[in-house]
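Undergrad: The following feature annotations were taken from Swiss-Prot:
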BINDING   S57, T58, R59, T60, Q84, R108, H135, P136, T137, Q138, C272, L273, R317  carbamoyl phosphate binding site
BINDING   N167, D231, S235, M236  L-ornithine binding site
Amino acid sequence: MTQVFQGRSFLAEKDFTRAELEYLIDFSAHLKDLKKRGVPHHYLEGKNIALLFEKTSTRTRAAFTTAAIDLGAHPEYLGANDIQLGKKESTEDTAKVLGRMFDGIEFRGFSQRMVEELAEFSGVPVWNGLTDEWHPTQMLADYLTVKENFGKLEGLTLVYCGDGRNNVANSLLVTGAILGVNVHIFSPKELFPEEEIVTLAEGYAKESGARILITEDADEAVKGADVLYTDVWVSMGEEDKFKERVELLQPYQVNMDLVQKAGNDKLIFLHCLPAFHDTNTVYGKDVAEKFGVKEMEVTDEVFRSKYARHFDQAENRMHTIKAVMAATLGNLFIPKV
């Protein structure tokens, strides 16, 4: 066995090399095939996995739970009311306790420093299910979905539309640069990515040959796009900025006019979900009443169109998370990459 992944944590995309990320994407596709064919793959038989959630989730919790069970492991959910991270007990102390009881830890919350402390002090692999800075497990699902549709990654162009400072935008930018994917951020100047994130991405882009573009010009942003990607306009914990964001981001909505500007009939649309594309939710109705906006980051027309791949993308969360857990905890033979 070669120790390529065994015992390693996945806290941000930059933790792994291009070859390692490509391997995990391909390994995910393999595990997806095994799942579809009903072939058992209990690589984590007898392992116990802690799922720590400061932030609520549908897809991340469901993906980690089903992935762990498919791998033969036992997942244990610990929500915000079950854990005392930094409140009544330090993150260091919590990590040391959990590391003696569990074989691996997933964390979804606010602070990147917290997930880093869990990895530093637990002594077991820790996987970032989302923080305010990064969303690495989402990226594997996103780029697996892209590869499934185009058969490759290098040289493609992905355009992210909306809040260029959020965790998904950060992760798309850096991961794309590592993998040789051209990444355009289509966003108002007020929400351009932080300079240090852009600098990091540009460094990777020089190695991979990818192009990075940050712009508020729609024509420049989407010309030749293969993938249009968007996310919610207001992230968890920023609800007080809703009115400001609705007004600021309305011109960056993914609608059919923007799709047509790309001039690519094979284009696909991605969204990490949940999406506010209609008023069929309490939240959507409330926004419509307060702000007169019935569709936010994406129109219902695009969301339900032939371009949409977001439900494939959501399913791929499970397969890619499974690959990360198996590779870092399963004592598998993985040729050096």
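Every residue, even glycine, has its Cβ placed from backbone N, Cα and C.
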Undergrad: Tell me the Cα distance separating Q84 (carbamoyl phosphate binding site) from N167 (L-ornithine binding site), rounded to the nearest angstrom.
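TA: With the alpha carbons as reference points, the distance is 24 Å.
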Undergrad: What is the interatomic distance between the Cα atoms of D231 (L-ornithine binding site) and H135 (carbamoyl phosphate binding site), given in whole Å?
TA: 12
Undergrad: Once the chains shown are all counted, how many other Cβ atoms turn up within 10 Å of the Cβ of S57 (carbamoyl phosphate binding site)?
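TA: A 10 Å sphere around the Cβ of S57 (carbamoyl phosphate binding site) contains 15 other Cβ atoms.
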Undergrad: What Cα-Cα separation, expressed in whole Å, is found between R59 (carbamoyl phosphate binding site) and S235 (L-ornithine binding site)?
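TA: Pair distance, Cα basis, whole Å: 16 Å.
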Undergrad: I'm trying to understand the geometry here, so how far is the Cα atom of H135 (carbamoyl phosphate binding site) from the Cα atom of S235 (L-ornithine binding site), in Å to the nearest whole number?
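TA: Here the two Cα atoms lie 13 Å apart.
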Undergrad: How big is the gap, in Å, between the Cα of R317 (carbamoyl phosphate binding site) and that of S235 (L-ornithine binding site), rounded to a whole number?
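TA: Distance between the two Cα atoms comes out at 19 Å.
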Undergrad: What same-chain residues, at least 6 away in sequence, bring their CB to under 8 Å of the CB of S235 (L-ornithine binding site)?
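TA: Spatial neighbours, sequence-distant, of S235 (L-ornithine binding site): D132, D163, N166, N167.
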Undergrad: If you count the other Cβ atoms within 10 Å of each Cβ, which of the binding-site residues Q84, T137, N167 comes out on top?
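TA: Sorting the candidates by Cβ neighbours within 10 Å, the top entry is T137.
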Undergrad: Taking the Cβ of C272 (carbamoyl phosphate binding site) as the centre, count every other Cβ atom within 10 Å, in any protein chain shown.
TA: 25
Undergrad: Greatest CA-CA distance (Å) over the residues S57, T58, R59, T60, Q84, R108, H135, P136, T137, Q138, C272, L273, R317 that the record ties to carbamoyl phosphate?
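TA: The widest Cα-Cα gap among those binding residues is 28 Å.
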Undergrad: Enter the number of other CB atoms within 10 angstroms of the CB of H135 (carbamoyl phosphate binding site).
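TA: Around H135 (carbamoyl phosphate binding site), other Cβ atoms within 10 Å: 27.
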